[in-house]
Amino acid sequence: METSYFSLSKKVSIGVSVGVALLLMVFIAYISLHWFIKIKNQQTSNPTSSALEVFHGKISYAYLRNATDGFSSSNLIGSGGFGTVFKAFLPIENKVVAVKVLNLHRRGAMKSFLTECESLKDVRHRNLVKLMTACSSIDFQGNEFRALIYELMPNRSLDMWLHPEEVEETRRPSRTLTDKTLR
């Protein structure tokens, strides 16, 4: 009778141990799944808003449109792969700035916008232009509009400051042997 009591007790303790282990595994799986879903929802909810949270004063499309005279060609500074840069006067701040308007039809433009917001929001360096704020809005036609507002670098472009000798060479007339002999 003693052996049957020990075997019954052994079976009960094994059953309880297995039950507790299964319950613990289900609990860990539930917590892991809940955590994964929470992280995924935070990443996909609205990436633009998280990138723009750092900016204190967000600027509207209408304000930028007025500041650039309707994105006039007379205020055009330049254009690049992901957008066009305009000079703008912000009357409230009493400041002239550079406004980079992103071409959202170009593949990768939104990623470029978010990357610039995230990477330049806290960067301070004497060789980098300061990112002041950003605009994430809808234009008058109902299209998405994204722009980055930078401090304007006066006195021409950064390239001209970094490589003045190359700029001077391109401005000088060419001096070849044939030019000298024709005079």
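Every residue, even glycine, has its Cβ placed from backbone N, Cα and C.
Predicted automatically and left uncurated, TrEMBL annotations should be read as such.
According to TrEMBL, the feature ATP binding site maps to K100. Taken from TrEMBL, the feature domain 'Protein kinase' applies to 71-183. The annotation transmembrane segment is assigned in TrEMBL to 12-37.
Within the same chain, residues at least 6 positions away in sequence whose Cβ sits under 8 Å from that of the residue listed as 'ATP binding site' are G83, T84, V85, A147, L148, I149, Y150. Confidence over the domain 'Protein kinase' (71-183), given as mean pLDDT on the 0 to 100 scale, stands at 74.
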